[in-house]
Amino acid sequence: MARGSRSVTSSKWRYCHPSYYLKRPKRLALLFILFVCVSFVFWDRQTLVREHQVEISELRKEVIDLQNLLEELNNKQGGTAGMIDLRRKASKSGNEVLDDPVDIERREKVKEAMLHAWGSYEKYAWGQDELQPQSKNGVNSFGGLGATLIDSLDTLYIMGLHEQFQKAREWVTNSLDFNKDYEASVFETTIRVVGGLLSAYDLSGEKVFLNKAREIADRLLPAWNTPTGIPYNIINLSHGRAHNPSWTGGESILADSGTEQLEFIVLSQRTGDPKYQQKVENVIVQLNKTFPDDGLLPIYINPHSGAAGYSPITFGAMGDSFYEYLLKVWIQGNKTSTVKHYRDMWEKSMKGLLSLIKRSTPSSFAYICEKNGGSLTDKMDELACFAPGMIALGSFGYSATDDSQKFLSLAEELAWTCYNFYQSTPTKLAGENYFFHSGQDMSVGTSWNILRPETVESLFYLWRLTGNKTYQEWGWNIFQAFEKNSRIESGYVGLKDVNSGVKDNMMQSFFLAETLKYFYLLFSPSSVIPLDEWVFNTEAHPLRIVTRHDDGHVENLNEKQKPFSRLGGRKEGRSV
């Protein structure tokens, strides 16, 4: 008999059998018996409820114990133990931080936006790199590697869209092919494809993602075969021929050469093969040999000599993520002495950044100038709006409280400027770059908006690090502007002009990989992808933090995980 059922022939239940009443016709006796019967039913039901509640409580404790043990083992081994919980350890007391109802509502709106964007891609551009929503077709702007699909994997997972995630996983397993006669950007392929696959692996534990990440990384490796080890920025995925774009005069681009460290170090950690880490860390060694005291490098580097060419210095296009990765490799290595030189280089760069800060009149908006030779240009890219988040994140690593507060305050000032890039236009969406003229504050330069994430990224970091809900309100205003101006029936599009609101015909892959993910996390508890356990690559793909050893040994973390197994260039800003 199934657990919890009862036999009517058992001793106490005989009073409820009809034959019992037939032998006792007296009404009083019948009423008494009925009372006893109901009492037994109530008593038995309450007993069952109490027993059930005790069983549920015990099972919940067992699940929590197993979950916490899994997290501890996973953290010790630096990797992913299967389908991990994205939140921090559960509490045995059952007490959890209450989720703000407004945040819940806003998070669901962002999730619905992701479903709309993903559903449109799935319907009109499945397996292709990007969707053109107005013409309802796909384009292979990255050689046909399924850029939007791979860029979206971790966003789908984090948002709990598991059915969509599994369908994308099947495509990766059965259809993703890297043997393309295509001149690929090493940088873009690394941050979107290698980063996207590694993040999907770290989140889900699905081995197929790690295998695919290694396969594409092997096709990129010949790009580092230069006299200095500073990579060429273009490579043919099929033939392995590497070179630099002609418009750079043969030079390598700073951001393109210094923004593979996170992904390739993580790949070495997950596979146990040191060659990926060695290639990318040698770049930093070479640049550090002649690293200037102000930590600011021109955007062109000679791959043959390692010398910096005469070119602009900027925290915008072609410079930005080099500085970002100096900080984030230090964080991903868990801030040990092995990675301290990254932090030292980053702090030098922050001293240099201070020399680029000016303030507008009459409103005193802080902004980051570009430098050409000895002169400053009063221009700031929206791309440089990643900097407030980076500075805020790094401000907590200073040993001196004064330095920490100084840089956090600067981050908050710059975030206010970036938010006003949005608020200053009729559409409430930011242009591509801004100029600052005396007495006029900011004015739009290049007036398109291609769904970029940088300002939202910084608002996310500042919200996480300060708890100031103002950053959530600013983010919500920006999200509503995207919904009003960029959403159409078949996806999301950028704007050709943020003043007129005229739409373009492209849903960039980073809109799903970054913009919507940062919106979602902005309205999520800080226990979701906590910043002391995860670090985001420059395409917003979260990667597990792993403590780096002083001896430089690379462990095969993938092997250790076996017993537990169960996203036109965004940064280059050259195309719309």
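The backbone N, Cα and C atoms fix where each Cβ goes, glycine too.
Unlike curated records, TrEMBL annotations are generated automatically.
The active site, proton donor annotation in TrEMBL covers Glu188 (among others). In the structure as shown, the Cβ atom of Glu188 (active site, proton donor) sits within 10 Å of 24 other Cβ atoms.
Around the Cβ of Asp320 (active site), a 10 Å sphere holds 27 further Cβ atoms from the protein chains shown. Residues or ranges marked as active site in TrEMBL: Asp320 (among others).
The active site, proton donor feature in TrEMBL is assigned to Glu432 (among others). Over all protein chains present, the Cβ of Glu432 (active site, proton donor) has 22 other Cβ atoms lying within 10 Å.
As annotated by TrEMBL, active site applies to Glu454 (among others). Its Cβ taken as reference, Glu454 (active site) is surrounded by 27 other Cβ atoms within 10 Å in the chains shown.
The coiled coil annotation in TrEMBL covers 49-76.
The C-beta environment of Cys385 (disulfide bond), restricted to residues of the same chain at least 6 apart in sequence and closer than 8 Å, consists of Leu414, Ala415, Cys418, Phe421, Ala430, Glu454, Thr455, Glu457, Ser458. Feature annotation from TrEMBL assigns disulfide bond to Cys385-Cys418.
Annotated region 'Disordered' per TrEMBL: 557-576, in sequence order.
According to TrEMBL, the feature transmembrane segment maps to 27-43.
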Tell me the Cβ neighbour count for Cys418 (disulfide bond), meaning other Cβ atoms within 10 Å of its Cβ, over all protein chains shown.
29
